[in-house]
Each structure stands twice: as C-alpha cells, then as structure tokens.
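Engineer: To start, I am sharing the structure in question, which I have written as structure tokens.
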Amino acid sequence: MAFSVEEISSILPNSLSANPRNVSQNTISPSFFKPSLKPYASKTLISLSCRRSLSPVFSAGTYVTNVDEDDKLHEECGVVGIHGDPEASRLSYLALHALQHRGQEGAGIVAANQNGLESITGVGLVSDVFTESKLNNLPGDIAIGHVRYSTSGASMLKNVQPFIASCKLGSLAVAHNGNFVNYKQLKTKLEEMGSIFITSSDTELVLHLIAKSKAKTFLLRVIDACEKLRGAYSMVFVFEDKLIAVRDPFGFRPLVMGRRSNGAVVFASETCALDLIDATYEREVCPGEIVVVDRNHGDSSMFMISHPEQKQCVFEHGYFSQPNSIVFGRSVYETRRMYGEILATVAPVDCDVVIAVPDSGTVAALGYAAKAGVPFQIGLLRSHYAKRTFIEPTQEIRDFAVKVKLSPVRAVLEGKRVVVVDDSIVRGTTSLKIVRMLRDAGAKEVHMRIALPPMIASCYYGVDTPRSQELISSKMSVEAIQKHINCDSLAFLPLDSLKGVYGPVESHRYCYACFTGKYPVTKTESEEADAS
C-alpha cells in the first residue's frame, strides 16, 4: 500500500505543513564524501576513515523559542525502525509524526535498498523536512527514523540523525534516544587514537566505537560498543539486511516492538507510533536486550550484561510520552490520572473549578477533579500554532510569550476559586505568568497543584534540563515558591505518593534522580564540573 505525502497530510493536523526547510541535498561533495546519484539522498553522511572534519560543509541554524519553552523539560528525541515492508520510509514518516512531541528541531530517515543506505535529514518538523519527491528517493523495505530536540538550543543540520557511517565491515546507520554520561571521556580517548568527530552529538560516539572494535561481526561490535557506554540509550541500527534494536541495561528510555499484518517488524519509542501505522504492540525491548531482525531468520534476541535494577524514567509517564501510549508496560493516561487522584487526596482545597495547563497537565487535572468531586473545565486554551522561530525575541516580546501560547477563558474563571494542575515547575517563570493571567481573567483564588514532586536536580539521561541551580525547587521551599508565583496555595505530589502509584515492587524500577539528586549512573568528575 503506497502513501503519498498529500494522502498522509490529509490525516494529520492542519498545523503540520509539508514545506521543505533546511534539508540536506548534497550540494557540496568533497573528495572523500561520495553522494548518491539520486538527488536529496546520501550514501555516506559520516565517513569514519576521513582525516578532516566535514563540519564546514554543513549549514547551521539556531532555533530560539519565543513561547517560554525554556521553562519546560524537553525529551531529546524519538526513534523508529521498520523491517520487511516495501513502504518502510513512508511508514517511518508517519511514525515520526506520532513521535513529533519528542523532538521538533530536526528529523531524518535512512532507507536500505540495492543502492546501499540512503538518507534525508533536515532541520524543523517532520512535515518541514519531507515531501513526496524526497520520500520517492528512499525506496526499500528497511528504514529507521529520528526526531530530535537539541540540548544546547542550537539545531544544526550535521547533528540531525540518523547518522550513516562506513567501517571495515560495510555501511551502517543509527538513530539514538538517550545520553551517554561518559561521552567526553570516551571521545577524548578516541581522538587520541586518531578518530575525528564530525558532529557535536554524542550519538556519533557509537559509530566510532563500532569502527574501532576488533570483533569480527557487526553484532559483536555493537555489543562491544555498548559495553563501553554508560548512561541512557535506546537505539536502532541498519546494517546490510538487518535491523537491530538496543536498549541500555537500566532501561532509562522506552523502546517498544510491534508487528504489522504483513509481518513487518516495527520498533518505536512509544506505542502511539505503532498505532498510527496499524502495527500491533507486542512487547517492550527489555533493558539490556538486543533484538536482531533479518530477512532469513526473522527476529531473535540476546542480552548484554544486565543491571539488577531497572531505572526507567518516571518523567516519561508524567510528561514526555503521549497519553495514548503504553510506556514501560503501563498506560500513560491511566498513570497520569492516578497522579491527579492521589494529589487531590493529599492536597485538597476548597474550590469551584479544576483546570489544567494544557496539554501535559490535562489528564492529571481530570483525575484531580474526579476525586475532589469538582467540575473540570477548560480554563486555558493552548495555541498549537506558536512555533519556534529563527528570530531572536526581545525581552519585551518574551514577556508576552505565555499569552501567545495560552489564553484564559474568562467565563470559566471569573469569580471562581480555581485549582490549576500542571505537570511540573522548572524555573517558575511560566507558573508566575499563568497565575497572573488567571487573576487578570477574574479568578477569585488560584491554587496551583503539581502532579509530580519538586525537581531539584538535572537529568543526564536524555532530557534537556536546566542546571540544578536554575531549578526553582533546588533553591526555594514550597512556601517560598508559592509567594514567588503569587498563588493562594501550592502543593506538589509527594515522592512517596508518586512511588505509591507503582506499588512496592514496581516503584524500584524507576529513576527519581531529578527529585532526589541520587543518580543511578554518575558522570565523571570533569563532566559534572562542566554540567554544574
């Protein structure tokens, strides 16, 4: 079944255009950089044998948010892999739309066919990067895809995945969700051995480790590389006729496996991507597991050195993942609803209406309202057309940022005692503006309820978080934050209550480092100094 971009666009939100922007089109070809004869597609994006950097040949652009996005956490990326479907690239395109919330600054797809590995990558949304003509240049029944959110605020084309590289065994491609805490240490060692890094992405580290490995097969080289990596990684690889999925031994980031009716195997960061392409969810890729899919033997798996305790990111349930996904074996929707119900039990308040900060606070607010026996209403409207921009806004414009993104509904708020539920407070700037906005719209009282515990520490496992000292809860008490944002009361979901949602056994499988400062995998001293 073939899809055109026009057909695909017809089932997607109107806000997602299909206008290309900053897409890699191989307009420059140094002697060591051999492009495909087809337009828009390259066989080698990264050549590990080259002795000089490719960085001068790539364009770069800096995205700056003008809607206060810097006061929210950001998942760094989402991945998809498909094996055994003649429409693998188009299905990857659809799946990446479903994962767009995990990264909005870049997207890419690599397809394997008789010509080798061919890729299209670009800066912007999935619909900005791909058009019908570009997808036509990605034939093949194996493909991997990636959506990216950069940690530094700079989104450069050379950093957009998937990455393609050549080594002694042949060409390979990789897409990665996570973060390696020993990146700088390993990079320094590899550079001392002669490796030249082309990008500033830690994902490139994997390619160099595979290229340097002495193992005789590609799979053994992947295992060899993973044994050297510390931190979070859910990755998909393409090599020859194989699609390989890998998840770190702690299981920090999600990675699920599904199958289409024609037998095609699909890997994705969330089940919502499977749903969109009519793939049936089968299971998670287990922490420490490597799943190999090839044409001759179907799918098989093996395990690397496992860790006795999983440490899955609890923020996947609280904020990052789509409510219609199953993540870590649990419904995201039901888990968030339980957060809200417990929050209403431990932090009740007399009120007339419960509202949410959309979209991530909505399900918890529904749970809070149901448990409190108070009506839930839409008190804040979110504009989904407030996008990131290349224009550096002035401070005066930044002051209007929340108003651009959120609009109060006066008919719901005026004269009411309002409980407003959000998923988290990061720096506190957005919460301050929301409270002011609700009061300006006539709210008699404003009570903030946060569906996760206070954040006091940065995340090193694939989440773009501010430095610890920039987190308001790391330097202020709850009472001080309440006064700072000028609400009538403020309460967070206690950590013990959060763990209670999962029960005494399952709760030990989650990472709470951003709430406790206790990290399951620590950075080296030099890296911690750089991050502080």
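Start at 1 and count along the chain as shown; that gives each residue its number.
Glycine is no exception: its Cβ is also placed from the backbone N, Cα and C atoms.
Heads up, here are the entries from Swiss-Prot:
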ACT_SITE  C77  active site, nucleophile
BINDING   C313, C459, C511, C514  [4Fe-4S] cluster binding site
DOMAIN    77-296  domain 'Glutamine amidotransferase type-2'
TRANSIT   1-59  transit peptide
Engineer: Once C313, C459, C511, C514 are set aside, which residues in the chain still have Cβ within 8 Å of the Cβ centroid of the [4Fe-4S] cluster site?
Structural biologist: F252, V314, F315, Y461, V463, Y512, A513
Engineer: Far apart in sequence but close in space: which same-chain residues, 6 or more away, have a Cβ under 8 Å from C514 ([4Fe-4S] cluster binding site)?
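Structural biologist: The list for C514 ([4Fe-4S] cluster binding site) reads F315, M455, I456, A457, S458, C459, V463, T465, given in order along the sequence.
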Engineer: Would you kindly give the Cα-Cα distance separating C77 (active site, nucleophile) and C511 ([4Fe-4S] cluster binding site), rounded to the nearest Å?
Structural biologist: 19
Engineer: On the 0 to 100 pLDDT scale, where does the domain 'Glutamine amidotransferase type-2' (77-296) sit on average?
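Structural biologist: Across the residues of the domain 'Glutamine amidotransferase type-2' (77-296) the model's pLDDT averages 94 on the 0 to 100 scale.
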Engineer: Do you know offhand how many angstrom separate C313 ([4Fe-4S] cluster binding site) and C77 (active site, nucleophile) by C-alpha?
Structural biologist: 14
Engineer: Can you tell me the three-state DSSP label for C77 (active site, nucleophile)?
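Structural biologist: Reduced to three states, the DSSP call for C77 (active site, nucleophile) is strand.
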Engineer: Which one, from the recorded positions C77, C511, has the smallest tally of other C-beta atoms lying within 10 Å of its C-beta?
Structural biologist: C511
Engineer: Quick check on the binding-site residues: of C313, C459, whose CB has the lowest count of neighbouring CB atoms inside 10 Å?
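Structural biologist: Selected from the binding-site residues C313, C459 on minimum Cβ neighbours within 10 Å: C459.
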